[in-house]
Amino acid sequence: MGSSRFPKRFLIVLLTFICTSVCYIERVGFSIAYTAAADAAGVSQTSKGVILSTFFYGYACSQVPGGWAAQKIGGRRVLLLSFLLWSLTCAFVPLDPNRTMVLVIARLLVGVAQGFIFPSIHTVLAQWVPPHERSRSVSFTTSGMYLGAATGMLMLPSLVKYRGPQSVFLAEAALGAMWSLLWFSYAVDPPRSEHPKATASGFGESQLPTKGSSKMKVDTGVHSTKSPTIPWKRIVMSLPVWAIVVNYFTFDYALYMLMNWLPTYFELGLEISLQEMGFSKMMPYFNMFIFSNIGGVIADHLVTRRILSITKTRKLLNTVGFVVASLALMALPYFRTSGGALFCSSVALGFLALGRSGFAVNYMDIAPRYAGIIMGISNTAGTLAGIVGVDLTGRLLEAAKDAQLDLTSPESWTAVFCIPGLLCIFSSFVFLALSTGERIFD
């Protein structure tokens, strides 16, 4: 698998793709399993929102530490330890809606563990993948999230029906253990700069730090080791970084809200059982998988053929993706059939995924050396969006019930879907105004 016919960097990208798939099977799986158990126990929508959003508190706390840890001790090691932690948590925690504190602690632990994963992945990719392959590589890796979510939506409702909600946790733990074994067996650190064939082989930017130190060449021609200083102030004050952060917030608000509440919308809003929807229920996330990879191919084509600059390419894909997604989100509550709702949610999530070829690759353009750090900051913002969006949605639905509105009426769901729709429009303008594709951090 490491032969010249299959370069090692391709294997690394494939393993990170599988990694994100398994992570999102876990996230969708918890939503499906907990919703089934909570509805059977008569848990209120507000309480459901609290439990579903607990994951994001732990996730938010570990994003920046995850980027720092990946920078200092290597993304490969951090990734393995993080995966093992959340897998073990899933294996041993009982899914009982009445044991609220146990579930809160468990979801916090899973959130903390998974918070280290994505900064580590992006540090690994920045080390291994050369610039002209980055859009495709990042798009392919992140598309694993959507394939995992689609797989979870397809398979796990039946697992809940026939084996019970707890079986979902055990299946997720088994998948996590299998991936950990693959990563331990095949993943390695990238070649160092002193290897003469490293650059010629296309192994990304070999000067990127992997163990808290980087090789620097002095005037005498001798390599000396110097610990890299992270320019925290410049990163925090950078407007292009903030453009990425704002778009991460919006993307994750929409994604996590739909991921956690779309099952409830079908079950209560449209009164349609997920188990009776067959393969169609996976289409929104499968559409994300397709559009994410389409976006990566388009972006790399525009850049490598010099049709557009990197800056214009990122802005074009980001704007098209977010504007179309906003229209689909705001139209969603007015489609009262399963087909109409699936169409709108598929368009919304698909074009959001297309937009990732704009903002979600941009930190590798502006700061490849600090990709894990900026990814951690951006993902923290996205995680805060998950906390706000998932919890707020539960409160909006509970307020609709208190106002004597039926959850089957479009009015009960209008605010739920319009908020992320308006955020998409706002974020697209921010990215147009503030972003750049030029490298601004050495």
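From the backbone N, Cα and C atoms, a Cβ is placed for every residue, glycine too.
Listed in TrEMBL for this protein:
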DOMAIN    12-439  domain 'Major facilitator superfamily (MFS) profile'
REGION    197-222  region 'Disordered'
TRANSMEM  50-70  transmembrane segment
TRANSMEM  77-95  transmembrane segment
TRANSMEM  101-125  transmembrane segment
TRANSMEM  137-156  transmembrane segment
TRANSMEM  168-188  transmembrane segment
TRANSMEM  241-262  transmembrane segment
TRANSMEM  282-304  transmembrane segment
TRANSMEM  316-334  transmembrane segment
TRANSMEM  340-359  transmembrane segment
TRANSMEM  371-392  transmembrane segment
TRANSMEM  412-434  transmembrane segment
Against which stretches of its own chain does the transmembrane segment (77-95) lie, if we need a Cβ under 8 Å and a gap of at least six residues from its ends?
19, 26, 33-34, 37, 66, 69-70, 102-103, 106, 109-110, 112-117, 120-121, 124, 165-166, 168-170, 172-173, 175-177, 179-180, 183-184, 187
Cβ pairs under 8 Å with the transmembrane segment (282-304): which stretch of 137-156, 340-359, 371-392, 412-434 has the most?
137-156
Near the transmembrane segment (101-125), which same-chain residues lie under 8 Å Cβ to Cβ, leaving out any that are not at least 6 residues past its ends?
12-13, 16, 19-20, 23, 26, 30, 34, 51, 54-67, 69-71, 74-76, 78-79, 81-83, 85-86, 89-90, 93-95, 134, 137-138, 141, 204, 208, 363-364, 371-373, 375-376, 379, 383
The transmembrane segment (412-434) touching the transmembrane segment (50-70) per 3+ Cβ pairs under 8 Å rule:
no
Top Cβ-contact partner of the transmembrane segment (137-156) among 316-334, 340-359, 371-392, 412-434 (pairs under 8 Å):
340-359
With the transmembrane segment (412-434) as the reference, find which of 316-334, 340-359, 371-392 contributes the most Cβ pairs under 8 Å.
316-334
Grab the pLDDT values for the domain 'Major facilitator superfamily (MFS) profile' (12-439) and give me their mean, rounded.
84
